[in-house]
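Per TrEMBL, the features are as follows:
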DOMAIN    115-271  domain 'Fido'
ACT_SITE  HIS203  active site
BINDING   ASP207, GLY208, ASN209, GLY210, ARG211, ILE212, GLY213, ARG214  ATP binding site
Amino acid sequence: MDLGIYELDEHGRRLFRPAMPPFPPLEDVHDVLEAANAAVREFDRRLTEWDRHSAVGRLFARLDAVHSSGAEGSTTTFTDLLEYESALRTAPDVDDATIVAACADGLNEDLAWTTPEDLVLLLHRRLFENHRNRMLAGGAGHFKALPNYTGDPDFPGGMFGYTSPASIQTALREWRDFTLATAPATPELLRQVLSHWMFEHIHPMTDGNGRIGRLLVPILMRRKGQTSTACTFLGEAVHENKGLYIGVLKDARITGKTANYSRQMLAFIRTTASANINRLDRLQSIEKDWRARFARVRSDSVVHRMIAYAMIRPVFTINDAQNDLGVSFAAANGAARTLADEGLLTVPQDVKRNRLFYADEVLGLFDRFRQKSPSNSAPEGRPC
């Protein structure tokens with residue numbers, strides 16, 4: 001039995017409007033729910049305790065944005081994104097990198113909203129308002145005006161239709177009521193997982209629904225006091241298991257039962273949080289090792305600040321470092337050169353000015369597919 005109703009458009013095509021999903025029996029999901037909650041709480045605690053938790057948190061937000069976007073066909077890698085966010089604004093696909101960067105910025109704490117519907121529109125505007133495609137930019141921050149579909153060989157006509165534009169406001173009000181509700185006996189993480197299912201089947205925007213839907217989970221978990229940081233990520237697991245993700249979304253819709261869907265989504269969240277805890281452990285280990293190499297350097301040296309900087313910004317120009325650290329160009333360049341001479345930072349051999357410095361050891365934690373480039377460590381001259 002479908003978990004919702006079908007409405008007909010003017011052409012007689014069926015468009016699905018989801019019902020509020022039922023909670024599965026807790027005994028059917030208790031084990032994965034506890035594991036997911038424990039992993040998210042530990043990751044949140046670790047981010048909060050580290051001195052630079054806001055900056056480190058943004059690093060992980062960028063990783064989630066890359067993977068969440070990759071699940072939608074984006075080709076921007078983690079390294080590509082950091083290159084784009086540098087002073088050089090370079091990327092293999094600038095339009096794609098612009099959207100991925102906006103996706104990461106969607107987790108910024110300065111995003112003010114009152115209702116979940118407002119939040120959806122704000123996120124959509126942030127994703128597309130600066131796009132060079134005028135149609136995408138013009139539609140930024142607006143709900144869809146035309147029906148949207150996805151291929152489904154099991155559906156009549158081979159295309160599954162999401163909620164009708166005429167029913168968007170009603171469907172989103174129901175989604176909001178479900179999402180913001182609280183009940184002592186209802187685990188909040190389970191509620192947000194089911195809220196995600198509902199949002200995915202409404203598909204209220206012309207584009208960007210998948211990314212927005214996956215952003216909503218960490219944002220709402222934080223807003224409802226479940227985490228101190230927006231860190232309930234699932235983009236990486238979805239990227240690696242897109243077929244499974246689509247399958248469980250569809251299974252809940254067709255059967256009307258949410259246990260299988262809930263278990264898989266909770267497993268995605270646990271897997272992602274556990275992987276990020278491991279990355280955080282290794283990142284702290286790298287920083288400790290780098291600092292040990294310069295134990296004899298005076299503690300107020302810019303070198304030590306550059307080490308900390310490279311942990312949270314592993315791709316940067318000297319101008320980036322100068323501005324972010326509040327030091328002179330010469331001091332930033334000298335510190336970067338010192339780390340490069342030690343083999344901790346690399347720069348491309350064929351670039352002489354306005355170069356990007358790469359902390360390859362840090363990037364290796366976040367960008368598994370990156371190939372290291374031949375490099376040198378010659379000092380950079382001041383740009384003209």
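Quick reminder: no glycine exception, Cβ is built from N, Cα and C everywhere.
A separation of roughly 11 Å, to the nearest angstrom, links the Cα atoms of ARG211 (ATP binding site) and HIS203 (active site). Those same-chain residues not listed among ASP207, GLY208, ASN209, GLY210, ARG211, ILE212, GLY213, ARG214 yet with C-beta within 8 angstroms of the centroid of the ATP site C-beta atoms are SER68, GLU72, LEU127, MET205, LEU215. DSSP classifies GLY210 (ATP binding site) as helix under the three-state reduction.
In the predicted model, the domain 'Fido' (115-271) has a mean pLDDT of 96.
Note: the CA-CA distance between HIS203 (active site) and ASN209 (ATP binding site) rounds to 6 Å. Remark: ASN209 (ATP binding site) has ASN148, PHE199, GLU200, HIS203 as non-local neighbours, by Cβ distance under 8 Å and separation of at least 6 in sequence.
Of all the binding-site residues given, namely ASP207, GLY208, ARG211, GLY213, the one with the smallest number of surrounding CB atoms inside 10 A is ASP207.
Note: GLY210 (ATP binding site) has non-local neighbours SER68, ALA71, GLU72, GLU200, i.e. same-chain residues 6+ apart with C-beta under 8 A of its own C-beta.
Cβ neighbours of ARG214 (ATP binding site) (same chain, under 8 Å, six or more residues apart in sequence): ASP64, SER68, HIS196, PHE233, LEU234, GLY235, VAL238. Applying an 8 A CB threshold to same-chain residues 6+ apart, the list for ILE212 (ATP binding site) reads GLY106, VAL120, LEU123, HIS124, LEU127, PHE199, MET205.
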